[in-house]
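Only one structure is covered here, and it is reproduced in the block below.
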Amino acid sequence: MATSTTMSHQAIGSVVSQRPFKASQFLKEPLNNVPMKFRQKRFKIEATASQISVVDNTFLSPSPSKNKPHESKKKSNEAALILIRHGESLWNEKNLFTGCVDVPLTQKGVGEAIEAGKKISNIPVDLIFTSSLIRAQMTAMLAMTQHRRKKVPIILHNESVKAKTWSHVFSEETRKQSIPVIAAWQLNERMYGELQGLNKKETAERYGTQQVHEWRRSYEIPPPKGESLEMCAERAVAYFEDNIKPELASGNNVMIAAHGNSLRSIIMYLDDLTSQEVTTLDLSTGVPLLYIFKEGKFMKRGSPVGSTEAGVYAYTKRLAQYREKLDAAATI
């Protein structure tokens, strides 16, 4: 018999768009020429297709020969991964358990998203993954308004043939100036069950501080009819391995805008943390973290230790060159 949480996964998966094809198709595949095959895996049906790189080669590699305008470019042996917890939400402000309830950002949260965008404005972004919740999507969209490449983030709609057809971009040049955004429920916040909508302070007074602390901070203990951090990690990490890591391996620079618990789960995987270590990990709203994926390994290059870009990120040579080319382009 399915557990209540398993059933909630199925319910969420049935109503939330999965954007079920490789985002790398966005730039070059014509609408009627996308070969697909379907496979069932971990709560979802995923459509896969032949991969086409979306990496921004304008600043990352030399221009192709004028005599060979479609000459393929050598893929980079490293890729940037940016993690951003969404800005403050209206329920963060009210000190309510939010979980999978879909609430927007506060004005402060909007400002945090914009400031996050300023910090990553010199880091290449080819592809964005968000949860299916509006606070994460708002954070991603607002952050990208600050990026120096001025590419436009576009949420992919592939939940139906009509949705895909109606949202198709027919200009190849416009597609080149866009960034695909994939929303996935697997990156949603931990589902807090019967705590969702309750005031955190009042809940502690009702059930006891120790009990609420176990529900919130333990790895294996779920709140009533909700998810434990372990259950959240199972879906978030599986999605990361199946969908995001292959994009990084292809040289695509990825940003993930998600939530405290889904991002803690992913960081546990990236940093090889124990179940005890991850319970003490805190992520600030609207502060981007930077990793470099190179030769199959993740290297942490930034943590929230300063308010300026220089105080947050240790650039690799490749990222430094990217910024230099942005600076040079700005002077033309």
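Start at 1 and count along the chain as shown; that gives each residue its number.
Glycine is no exception: its Cβ is also placed from the backbone N, Cα and C atoms.
Quick look at what Swiss-Prot lists:
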| type | residues | note |
| --- | --- | --- |
| TRANSIT | 1-48 | transit peptide |
| BINDING | 85-92, 98-99, R135, 189-192, K200, 216-217, 260-261 | substrate binding site |
| ACT_SITE | H86 | active site, tele-phosphohistidine intermediate |
| ACT_SITE | E189 | active site, proton donor/acceptor |
| SITE | H259 | site 'Transition state stabilizer' |
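All protein chains shown were included, and the count of other CB atoms within 10 Å of the CB of G99 (substrate binding site) stands at 21.
It is 7 Å from the Cα atom of G260 (substrate binding site) to that of E189 (active site, proton donor/acceptor). Most Cβ neighbours within 10 Å, among the recorded positions E88, E189: E189 holds that distinction in the structure as shown.
Among the recorded positions H86, E189, H259, the residue whose Cα lies closest in space to that of G99 (substrate binding site) is E189.
The distance from the Cα of H259 (site 'Transition state stabilizer') to the Cα of W91 (substrate binding site) comes to 13 Å. A sphere of 10 angstroms centred on the C-beta of R85 (substrate binding site) encloses 27 other C-beta atoms. Here the binding-site residues are R190, K200, and the one whose Cβ sees the fewest other Cβ atoms within 10 Å is K200.
The shortest Cα-Cα distance from E189 (active site, proton donor/acceptor) to any of the binding-site residues (R85, E88, W91, K200) is found for R85. The separation of H86 (active site, tele-phosphohistidine intermediate) from R190 (substrate binding site), Cα to Cα, is 14 Å. In sequence order, F97, T98, V101, V103 are the residues of the chain that are 6 or more apart from W91 (substrate binding site) and have a CB within less than 8 Å of its CB. Cα to Cα, K200 (substrate binding site) and the residue listed as 'active site, tele-phosphohistidine intermediate' are separated by 19 Å.
Its Cβ taken as reference, G260 (substrate binding site) is surrounded by 19 other Cβ atoms within 10 Å in the chains shown.
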